[in-house]
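Peer 1: Please see the structure below; I have some questions.
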Amino acid sequence: MTEMYDIAIIGGGPIGMFTAFYAGLRDTKAVLVESLATLGGQVTSLYPEKKILDVAGFVGVKGSELIDSLTEQMQLFPIEVKTSATVTNLTKTDGLFTVEINYKQTFQAKTVIIATGKGAFEPRKMQGNNVNELVGQGVHYFVPNKHYFDQHDVAIAGGGDSAVDMATMLNELTHSTTLIHRRNQFRAMEQSVKLLDESSVVKETPKKVMNVTKQDDGKLKIILAQVKDETVVNEIIVDDLIINYGFISENKTVQSWAVQPGHNNQEFSVNQNLQTTVPGVFAIGDASFYDGKADLIAVGFGEAPTAVNAAIKFFDPNRRGPGHSSSIVVEDRQLK
């Protein structure tokens, strides 16, 4: 017999995790589906050591700590979680959705909430030199553990929020930190740039990485050049080069679904209840689009209850609206 759920939540990043918790708080039968082997999405995969500053109530929380807290919160309720499960098709028949996982397993749901972010992601690679031949030999695109760089000489290439934040974070641990950027101005939040300016991080601007070689002692020699005419300016010797040019994302899997909500690029257009153009399908977080939308974790957290409550109203119009959580008691993963 095919399993039936009230709400299927697609995407196990922080927004999907909080959505699952709130679905449990509303006493629904929900399932959380995540394509990766672990929950946490980009926070877990890309910046577990980075401090997140725009989550209400936290004065800077590490990405990994946020995911740990969301996991603990979600486990207050018996939410079913399916990891390593890619949704390969989504169909709708007689008002019910059939969710296909990994081209074989299926289950049904009365409603669907899409919290996939901007889809699968991979780092934007540095081009025009040999640097990618040295990935794993001192060149990095990911930083799963910041303490790996304790007392190292580290160079970071990039000029956005992630690169600037990475530089100031690692500078507390490294022997030296150098930030390489093609422009004099950094494309990061004002407060982040201020912290960078107040730190001992060496700024190599406006310059580009022309070439990287691994020396006999294991260190990397980085040749820096002017951006316009590629005239060599200087060289630096480091233990590690972290490339932080951002990430490329795509939702190719979603494009193969039979159910296709209206979308703007990789974001689904939604109304005030976060419902897409397909009745019963909702989208939140970076997967949704509406005028004035800010792509922040904090915004996605706020959208989760709206989507869950709208989903409940969709499949059970006569059900009472949500109460205040302060009046709810949870014992043994059950509402009392």
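Including glycine, each Cβ sits where the backbone N, Cα and C put it.
Just so you know, TrEMBL annotations are computer predictions that nobody has curated.
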Peer 1: If TrEMBL gives Q42, Y47, V87, F121, D286, S326 as binding FAD, which of E34, E80 does it give for that site as well?
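Peer 2: It is E34, as the record lists it for that site.
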Peer 1: For F121 (FAD binding site), write down the residues of its own chain that are at least 6 apart in sequence and whose Cβ falls under 8 Å from its Cβ; none is a fine answer.
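Peer 2: Looking at Cβ-Cβ distances below 8 Å from F121 (FAD binding site), excluding near sequence neighbours, one finds Q42, S45, L46, F247, I248, S249.
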Peer 1: Please state whether DSSP places F121 (FAD binding site) in a helix, a strand or coil.
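Peer 2: Reduced to three states, the DSSP call for F121 (FAD binding site) is strand.
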Peer 1: How would DSSP class Y47 (FAD binding site) in three states?
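Peer 2: SS state of Y47 (FAD binding site) = coil.
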Peer 1: Quiz question: given the binding-site residues Q42, S326, which has the greatest number of C-beta atoms lying within 10 angstroms of its own C-beta?
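Peer 2: Comparing the binding-site residues Q42, S326, the most crowded Cβ belongs to Q42.
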